[in-house]
């Protein structure tokens, strides 16, 4: 679909799609901004390569929300012509390809970092340094810029898809257009293959490390192994989500270019799956931080206790009001409900403040090693 403002008809907005577009742009930007704020305060002068990679991934995801999701959302509401026409569509196509390619490369770097950390631990500090990682990240950004600029320079072309998104034309069968499409598909398959290989090796090496520990208790108390496990689990899950989100779009791009198994509904679904990866990434950071999980669990328990307490008080008030007309008769329900309320209060507040404080102190000491976020030893 080409952007032609002279023939643009009245734009129709579907409430369901509009709501999901607003959710994607706002939720992605806010959640990734929170991750950036937290990691920015924790990165010090030491070797914090895992945190640097997570920070870079969050930055690209914020950029995706601001320069990819937001223009597509505005264009969906008011149409392409009112948002800048072809120049805005070209900018959107460049930002879409650049940011997603950068994000994909960073996920692969995270897998390679885990691979080096577990397979070559004695060379890790020499190979993986903050300076080297920064240079590699800059190289990935330069590559992503060149790859995103090619459709604007004659390799393929930028067109509008689904009335809102602008990116490369997968139906372009010219020589340069075909080269770009095959390049995109081969690049995606290479990234997926690298992720699968690194994940398999990393999981195998981590299991060997656990078997070499003298006992399970010692393995659980080893801070270096805990940090390895924490960030490795984060990387593996992020890689799985990346593979699930990217593989369908790569296959659909190749199918549309070859003219086989064409389905606009499947194309729309695969594009939405690909951009959903940027929505999920920041929440994996919270899920695989032990301190964050502990705080969330404590919050859930407090909410549950408050609900129980309010339920017990309502039962007691109901029984008291029902016994006003029969005050002369003995009523055991009030005492039972009062006992229930005391039980709810005991469950929420604990037997005494001293025991509660000591329990909180023990939990804090258990999760103290993860307070600085996932990083290697």
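Counting begins at 1 with the first residue displayed.
Using the three backbone atoms N, Cα and C, a Cβ is placed for every residue, glycine included.
What TrEMBL says about this one:
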TRANSMEM  20-39  transmembrane segment
TRANSMEM  51-78  transmembrane segment
TRANSMEM  90-112  transmembrane segment
TRANSMEM  133-153  transmembrane segment
TRANSMEM  181-203  transmembrane segment
TRANSMEM  231-251  transmembrane segment
REGION    347-377  region 'Disordered'
COMPBIAS  351-365  compositional bias 'Polar residues'
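Tertiary proximity for the transmembrane segment (181-203) is limited to same-chain residues at least six positions away from its ends with a CB under 8 Å from its CB atoms, namely 101, 104-105, 107-108, 111-112, 114-115, 118-119, 147, 156, 168, 170, 172, 232, 235-236, 239-240, 242-243, 246-247, 249-250, 253-254, 257. A Cβ distance under 8 Å defines the sequence-distant neighbours of the transmembrane segment (20-39), meaning residues of its chain 6+ beyond its ends; these are 51, 54-55, 58-59, 61-62, 64-66, 69-70, 72-73, 76, 164, 275-276, 278-279, 281-283, 285, 373. Counted as Cβ pairs under 8 Å, contacts with the transmembrane segment (51-78) are highest for 90-112 among 90-112, 133-153, 231-251. Same-chain neighbours of the transmembrane segment (90-112): 50, 53-54, 56-57, 60-61, 63-64, 67-68, 71-72, 75, 84, 133, 136-137, 140-141, 143-145, 147-149, 151-152, 158, 165-168, 187-188, 191, 194-195, 198-199, 202, 235, 238-239, 242, 246, 274-275, 277-278, 281, counting only residues six or more beyond its ends whose CB sits under 8 Å from a CB of the stretch.
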